[in-house]
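Taken verbatim from TrEMBL:
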TRANSMEM  36-62  transmembrane segment
TRANSMEM  189-213  transmembrane segment
TRANSMEM  248-272  transmembrane segment
TRANSMEM  392-412  transmembrane segment
TRANSMEM  432-452  transmembrane segment
TRANSMEM  464-482  transmembrane segment
TRANSMEM  494-514  transmembrane segment
TRANSMEM  526-545  transmembrane segment
Amino acid sequence: MVAQQLFYIRVAGLLWITIFDRGYAKMKTQTSKNLIDAHGWLGVIISGVLMIVFACGTASFFRDNIVNWDKHYNPEKVIEKDELNIAGVVQYVQDNYSNIPNDHSVFISMPKDTFPYYRIHLEVEKEVDESELGKNKHAEVVNGRTIIHEQVNEYLDPYTLSPIDENADNHYLGHMFYKLHINLKLGAIGAYIVGFVSLFFFVILISGVLIHFKRIVSRFYMYRLNKSRSTYLDGHNLIGITTLPYTVMYALTGILFNLGIIFQAGFGYAVFNGDIEELTHTAGFSENIDVDFTGKPMLAEKVTRVQELAEERYPDYQAAHFNIHGFNDQGAIVSVILDDRHQFLSRARVNYHLEDASIYSEATPTSNEFMSTYNTLEALHFGWFGGITGQVIFFILGLGCCYLILSGNLIWLETREKKRKQSQLSLRFVKAMTLALSSGVLIAIALSFVATRLMPDQFARIDILPYVFHGSWIAAMLHGFIVNRARLVMVYQLGLATVLFLVCPIYDAALYLQGDFPEHAYLKDVAIVNISLLLFALFCGLMVASKRGESAVKETSFVTE
């Protein structure tokens, strides 16, 4: 009887293995293949934008230093805090804009070393003809008058308080990289593109972890130098796992910062019944300010006293922005926004009654949980909190992410080259575009530095540099289309990028040896930027060396062993 039961159990086990286990194994194989296909295709599709975002973002860690590096050869007077005059700016607005609506505020940003101008943002009322009511959606009738509200964005010289053209900023390179990072210099549309790319990047990270999940620990310490495909996959996996916390943080914060309006709208309708204003107030992005108008004109000098009190209250912070509600009335409320870029919780706000400098309300760095979280994520994303040490660490991690994109693209392209059942012309175009927006972006960044350093002063950088940047990767795309070998194209382009990244450090070193020393105020910035360029050159050079050493080996596969 027992023997018969054991026989039935054994038969059932064999049936289970035959029917279910093999089916499960087949399903696992199919799932793995689908994950690999999704990982590869998504990676190639978004790799161009992702490379611009990561490469320009990596350079932007030293944005302030890049601006000051540029200033060394196009010098301006160094801004001293004691020389700034917020009262003079307020007086300028009073003298030039008398038609500011009572329910609108005036926003003033203080100069800083990297943007040495006052920035003024306000709206004025302008009376127009009644016919504008049907043409202009912003036109409205107030007290029998047809008016529109016009936005004013003005820039003032910090010493003369005279208006300047916003395009007069010659120190454009650092700001260009930053704008390419946050929105590809395409405004709101670009910000949404970057947001969705961040979302797909998060999917790629998850799929990559799932593909290699069983081998993450065993293969983490393995880097095989004697096999081309193993070397690339090992390097891709090693850097991918090492930088995973960093890349996940960037994917999530990229989604938050660039697609936040979508979540805000959904959350507002779900929780606040469509009251977006109440949502932004609860989150700490806006506040309700009630001004008791006195009918008496405000005294501009009192704003200086408010600034002094705010900075005394937060001695480690500096007043960065002023938002004046009820402008030009003695009963105005002045919001002083203070920043300290060396902390996670980097922002505080104090609202003062202008008349007697008493506190109307206050938002400390920790008073609003959502705002505190947002400021912490912002500090993480931009690397503000760790000083130069944190920026260097994030810079190196950013180069690691560039390696992920470059190696992933090359693995995918060489795998596609092996498949003959496809249009070679379409593959050639995809290959050229992919290489142009990966290794070509590094050429564009390097050439932008060279152009900034060597461009004659009579050329406006704000006009020339975008053409230099985009022309570089377009030329790289043409090169990739003509030379129909992915690895060879990447070797040539990264080799060129290596040489270009070395130009500025060598040029600056030559001037230094000739006795042209940077001013003391800019010495640190010149050193930091040149070291970062040398790191870029080292990164590109190492990739060239590894690819040239592997180019003789033809076998390449995207699927891990």
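Cβ from N, Cα, C; glycine included.
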What residues in the same chain, six or more past the boundaries of the transmembrane segment (392-412), come closer than 8 Å to it by Cβ-Cβ distance?
40, 43-44, 47, 50-51, 54-55, 57-58, 61-62, 229, 232-233, 235-236, 239-240, 242-243, 246-247, 250, 383, 386, 434-435, 438-439, 442, 486-487, 490, 494, 532, 535-536, 539, 543, 547, 556, 558
Near the transmembrane segment (432-452), which residues from the same chain, at least 6 beyond its ends, have a CB less than 8 A from one of its CBs?
44, 47-49, 51-52, 55-56, 59, 70, 172-173, 176-177, 402, 405-406, 409, 413, 461, 464-465, 468-470, 472-481, 486, 489-490, 493-494, 496-497, 500-501, 503-504, 533, 536, 540
Find the member of 189-213, 464-482, 494-514 that has more C-beta pairs under 8 Å to the transmembrane segment (526-545) than any other listed stretch.
494-514
Sequence-remote partners of the transmembrane segment (189-213) [C-beta within less than 8 Å, at least six residues beyond its ends]:
32, 35-36, 38-39, 42-43, 45-46, 49-50, 53, 182-183, 219, 237, 240-241, 244, 247-248, 250-252, 254-255, 257-259, 560
